[in-house]
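Taking it in order: structure first as structure tokens, then the write-up.
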């Protein structure tokens, strides 16, 4: 959530510098000038159809839609070229300018054709690696299954390293609320693909409210607080199966789980200070308790990346397994847990956790308030500029 807000704020800011920052690719469109021209009504219907898409078409397609819309309604690009650090507006300008002198009628037709090609996404589902049994419906970013007394919530954006976008935040909350009431005995979170989760998705910057950056920061803080609260209040045993690298909030939340099992190829990284931010997920409280204040400081403030073995030695991870046998060993154990008396598990968790719950909610509220201020700071924006410039040189 923090990363997504920062990406948007960075994109809105023009910083005079010689740094080269990654931006969206210039859109290349193949136009058919002899195609039948779409009517104005067809054009308007297509604009409405875009709002009904259930699956995010991706940034490149969004830029194409933007460019074609501008070309169809205003003609060739007539805006001055934005500065190099005004990432979003520069990407929009590049996309629109690439259309050259394409007639409005042709742009309108291409807009209609593009939207028509996207229509299958109204019914498409998220991609799942072969062998994954999808038994849930209604989720675009998750695979949720319930079998053998286990509800499994799998992050399902493997091509994006399971980065958490706004839709996934809401879907995880919905899945947790459903799992708290279903017949399963335990609930497991894991990732599809090579990553457990790479943390927040930096492309969460398009839904900007009329109130601008201040309202965006406030809304994100409210969402983050509610999201973390779902983990604090979850009544059943909650287990993380960390199948690969974990970054940011996917790490900080682990202090709220009842058990954490990791592959030996997993790593744990919280680069908050590098991005001018502060801890989240109650980690400012749970991590010092779990691993000592000194070790928590090394990770949360100085951004040390832990191996699975180091995370286990410091108490963040329950047990580490060889990657070659990880899935088999862990799921054998989880199936055994799911055969234990369910009421005993819930009651025992309540006894262990209830004294901390009020404190955790207070910590969560404080962390979100602090982050709201950090997201609005120049220091935070500058840190993200430096991060993106380094990334572009890799």
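Quick reminder: no glycine exception, Cβ is built from N, Cα and C everywhere.
What Swiss-Prot lists as transit peptide is 1-38.
As annotated by Swiss-Prot, domain 'ACB' applies to 39-124, with the evidence given as sequence analysis.
For residue 51 (N6-acetyllysine), applying a Cβ distance below 8 Å and a minimum sequence separation of six or more within one chain yields no residues. Taken from Swiss-Prot, the feature N6-acetyllysine covers 51 (among others), and the record attributes it to a large-scale study or a structure entry.
Summarising the annotation, Swiss-Prot assigns N6-succinyllysine to 55 (among others). Residue 55 (N6-succinyllysine): 16 other CB atoms within 10 A of its CB, across all protein chains. In this structure, residue 55 (N6-succinyllysine) belongs to neither helix nor strand by DSSP; it is coil.
According to Swiss-Prot, the N6-succinyllysine annotation covers 62 (among others), on the basis of similarity to another entry. Counting every protein chain shown, the number of other Cβ atoms lying within 10 Å of the Cβ of residue 62 (N6-succinyllysine) is 19. The secondary structure of residue 62 (N6-succinyllysine), as reduced to three states from DSSP, is helical.
According to Swiss-Prot, the feature N6-acetyllysine maps to 62 (among others), an assignment based on similarity to another entry.
Sequence annotations record features per position, and here Swiss-Prot assigns acyl-CoA binding site to 66, 67, 68, 69, 70, 92, 111 based on similarity to another entry. The Cβ of residue 92 (acyl-CoA binding site) has 21 other Cβ atoms within 10 Å, all protein chains considered.
Following the DSSP three-state reduction, the secondary structure of residue 70 (acyl-CoA binding site) is helix. Taking Cβ-Cβ distances under 8 Å and a sequence separation of 6 or more, the neighbours of residue 70 (acyl-CoA binding site) in its chain are 77, 96. What Swiss-Prot lists as N6-succinyllysine is 70 (among others).
DSSP gives residue 81 (N6-succinyllysine) a coil state; it is part of no helix or strand. As annotated by Swiss-Prot, N6-succinyllysine applies to 81 (among others), with the evidence given as similarity to another entry.
In the three-state DSSP reading, residue 90 (N6-succinyllysine) counts as helix. Annotated N6-succinyllysine per Swiss-Prot: 90 (among others), in sequence order, evidence recorded as similarity to another entry.
Here Swiss-Prot flags 92 (among others) as N6-succinyllysine, drawing on similarity to another entry.
Residues or ranges marked as phosphoserine in Swiss-Prot (evidence: a large-scale study or a structure entry): 101 (among others). Within 10 Å of the C-beta of residue 101 (phosphoserine) we count 8 further C-beta atoms, all protein chains included.
Marked as phosphoserine by Swiss-Prot on the basis of a large-scale study or a structure entry: 119 (among others).
According to Swiss-Prot, the region 'ECH-like' annotation covers 151-322.
According to Swiss-Prot, the feature N6-succinyllysine maps to 161 (among others). In the structure as shown, the Cβ atom of residue 161 (N6-succinyllysine) sits within 10 Å of 19 other Cβ atoms. Residue 161 (N6-succinyllysine) falls within neither a helix nor a strand when secondary structure is assigned with DSSP, and so counts as coil.
Other C-beta atoms found within 10 angstroms of the C-beta of residue 198 (substrate binding site) number 23, with every protein chain shown included. In the three-state DSSP scheme, residue 198 (substrate binding site) is classed as coil. The annotation substrate binding site is assigned in Swiss-Prot to 198, 199, 200, 201, 202 on the grounds of similarity to another entry.
Residues 66, 67, 68, 69, 70, 92, 111, recorded as contacting acyl-CoA, have a largest CA-CA distance of 15 Å. Inclusion criterion for the recorded positions 55, 68, 69, 90, 92: a C-alpha placed within 10 angstroms of the C-alpha of residue 198 (substrate binding site); this criterion is met by none of them. Checked against residue 92 (acyl-CoA binding site) by C-alpha proximity, the recorded positions 55, 62, 199, 201, 289 yield 62 as the nearest. Averaged across the region 'ECH-like' (151-322), the predicted model reaches a pLDDT of 94.
For the modified residues 81, 90, 289, the greatest number of Cβ atoms within 10 Å around a candidate Cβ is found at 90.
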